[in-house]
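Asks: Below: one structure in structure tokens.
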Amino acid sequence: MNAPLTLPAPAKLNRMLHIVGRREDGYHALQTLFQFIDLCDHLTLAPRDDGKIQLTSEVSGVSHDDNLIVRAARLLQQHSGTALGATLTIDKQLPMGGGLGGGSSNAATALVGLNHLWQLNLPLVELARLGLQLGADVPVFVHGHSAWGEGVGERLTPVTLDTPWFVIIHPGISVSTPGVFQDPQLTRDSRPITMARALQGGAPEWRNDCEAVVKERYPPIAEALNWLAQHAPSRLTGTGACLFAAFDTQQSAQAIAQLAGQHWSTWVARGLNTSPLHDALGYL
Ligand code: C5P
């Protein structure tokens, strides 16, 4: 049996996010640019031959069986028919419900990592289809490349984005994603744009359509966005709570992060075009 593996589960930022419609199932059709950053959780996967899936770490507010890591492992077990199980340990750095995709990334690392550990050799496209059952952001983490996302975020075209240094601020509150998407004030009908137009960057395309509603519902997020905007254009990722701004150098990002750190949890992270998970497993 294979030795245990420790693999990264990186965060993402939505460099821009437009909402272009509402589907009959209540989900929203989006256009977004996903970018990986080098901020990561780490998942250790050890195979077991009794078929059990056991997550050893407790993640606050989520029961063992509801954890996306456990759900991903069971889904892959069922789908592949393997008799193997796994003991899983997550070392969390990414905030929960922060818009950085932490839970989705953990699920994707479980799918991609167990595919490797259990020697299933399923293609990424099949794992991404499975992952979509767990959350709209799981497929991009399974594919492992910065991407233009449409649909609910599952129709992905790999793109190459600039790779600045980001200052990322967590204003210390958690946002209800369904609450934001259901808010009657939400802009739900932005005119679709082409990927080429999105990739040109800059205002007015690089905006997040959730921002107005989130600022209204969560004043501490508005405060942090306004503070960061004094230094560089600031934007929400996903439905928040995290927000970010891009800087050309690590030094300039660190200088702003030091100031922000006096008020909020703050990180400096490098933009990437490939996922550290896929780099580690030699996919890319
Ligand atoms: O897929 P995920 O679990 O991240 O979505 C959480 C909630 O956010 C969904 O239940 C839905 O209410 C809302 N959502 C949406 N449109 C999307 C993604 C999420 O309405 N594209």
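One is the number of the first residue shown, and numbering goes on along the chain from there.
From the backbone N, Cα and C atoms, a Cβ is placed for every residue, glycine too.
Okay, so TrEMBL annotates it like this:
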- Lys12: active site (ACT_SITE)
- Asp137: active site (ACT_SITE)
- Pro95, Met96, Gly97, Gly98, Gly99, Leu100, Gly101, Gly102, Gly103, Ser104, Ser105: ATP binding site (BINDING)
- 67-144: domain 'GHMP kinase N-terminal' (DOMAIN)
- 206-258: domain 'GHMP kinase C-terminal' (DOMAIN)
Asks: Determine which residues of this chain, when Pro95, Met96, Gly97, Gly98, Gly99, Leu100, Gly101, Gly102, Gly103, Ser104, Ser105 are set aside, have a Cβ within 8 Å of the centroid of the ATP site's Cβ atoms, and list them as they appear in the sequence.
Replies: Ala11, Leu94, Gly238
Asks: At the Cα level, what's the spacing in Å between Gly97 (ATP binding site) and Asp137 (active site), rounded?
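Replies: Approximately 12 Å lies between the Cα of Gly97 (ATP binding site) and that of Asp137 (active site).
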Asks: Quick check for you: of the binding-site residues Pro95, Gly99, Ser105, which have their Cα within 10 Å of the Cα of Lys12 (active site)?
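Replies: So the list reads Gly99, Ser105.
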Asks: When the number of other CB atoms within 10 A of each residue's CB is tallied over all shown chains, which of the binding-site residues Gly101, Gly103 has the maximum?
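Replies: Per the Cβ count, the most surrounded site is Gly101.
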Asks: Averaged over the domain 'GHMP kinase C-terminal' (206-258), what pLDDT does the prediction give?
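Replies: Over the domain 'GHMP kinase C-terminal' (206-258), the predicted model scores a mean pLDDT of 98.
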Asks: Summarise the domain 'GHMP kinase N-terminal' (67-144) as counts of helix, strand and coil residues per DSSP.
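Replies: Breakdown, helix to coil: 44 helix, 7 strand, 27 coil.
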Asks: Please report the distance from the Cα of Ser105 (ATP binding site) to the Cα of Asp137 (active site), rounded to the nearest angstrom.
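Replies: Cα to Cα, Ser105 (ATP binding site) and Asp137 (active site) are separated by 8 Å.
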